[in-house]
Amino acid sequence: MSRLLLIGPPGAGKGTQAALLSQHLGIPAISTGDIFRYNVKNQTPLGVEAKGFMDRGEYVPDSLTNALVRDRLSHEDAKAGFLLDGYPRTIDQVNELDSILADGGKRLDVVVQLTADYEELARRLAGRAQIEGRADDTPEVIRRRLDVYDEQTAPLIDVYAARGLVAMVDGLGEISEVTARIIEVLEARGLTADA
Ligand code: ADP
């Protein structure tokens, strides 16, 4: 039973690590970015609303994002634990998550902060842009996403650190090395595959 958050700038490798950790821990990885992209692709009402913000590298409004996460966390598969990738990203979202957890009598176990320097992030995002062709991977939008992260999301780390929840992990190196580092900090906090 683990409830984890993965926080880090765009390009830090959250999505990749979330998928691997989800397998390792046997809990669902929930990525708000993936859910939004799915909705954009299928032109759902949520996707239509979210698209403009995403294409500009801005955050989707909290009201939409919070409703989406509240709904997703109410699904059966998230009852025993979850790993949130890319949420919360604003103070309002932190408050909403607190309220969702309090309503269910649950609490967070750990917030994994994945770090990487700006050069590496820019390099990875440019590389991914060529492979995946995401609409928000143009150089200007990448810069905007990194700035929005610094302004709105980086401060959340202090909020969780004050609660003693943050474990910082270096996101540089081989994917498997980074996964091993994360598993190590989780185990140091008593979170194992069967716990
Ligand atoms: P990144 O690689 O930049 O971390 P994601 O795939 O997590 O990207 O998210 C892509 C986009 O989806 C964001 O730039 C934003 O527009 C939207 N998005 C994802 N999660 C959130 C969130 N928690 N709050 C607001 N917008 C979000």
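Quick reminder: no glycine exception, Cβ is built from N, Cα and C everywhere.
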Of the candidates Gly52, Gly164, Gly173, the one that TrEMBL places in the ATP site of Gly11, Ala12, Gly13, Lys14, Gly15, Thr16, Arg128: Gly173
Stated TrEMBL location of region 'NMP', expressed as one of 31-60, 91-120: 31-60
Given TrEMBL lists Thr32, Arg37, Glu58, Tyr59, Val60, Gly86, Tyr87, Pro88, Arg89, Gln93, Arg134 for AMP, the same-site residue among Arg123, Arg124, Arg145: Arg145
Nearest of the binding-site residues (Lys14, Thr16, Arg128, Gly173) to Tyr87 (AMP binding site), judged by Cα-Cα distance: Lys14
Residues among the binding-site residues Thr32, Tyr87, Arg89, Arg128, Arg134, Gly173 that border ligand 1 - Cβ under 6 angstroms, in sequence order: Thr32, Tyr87, Arg89
Neighbour count (Cβ, 10 Å) for Arg134 (AMP binding site): 16
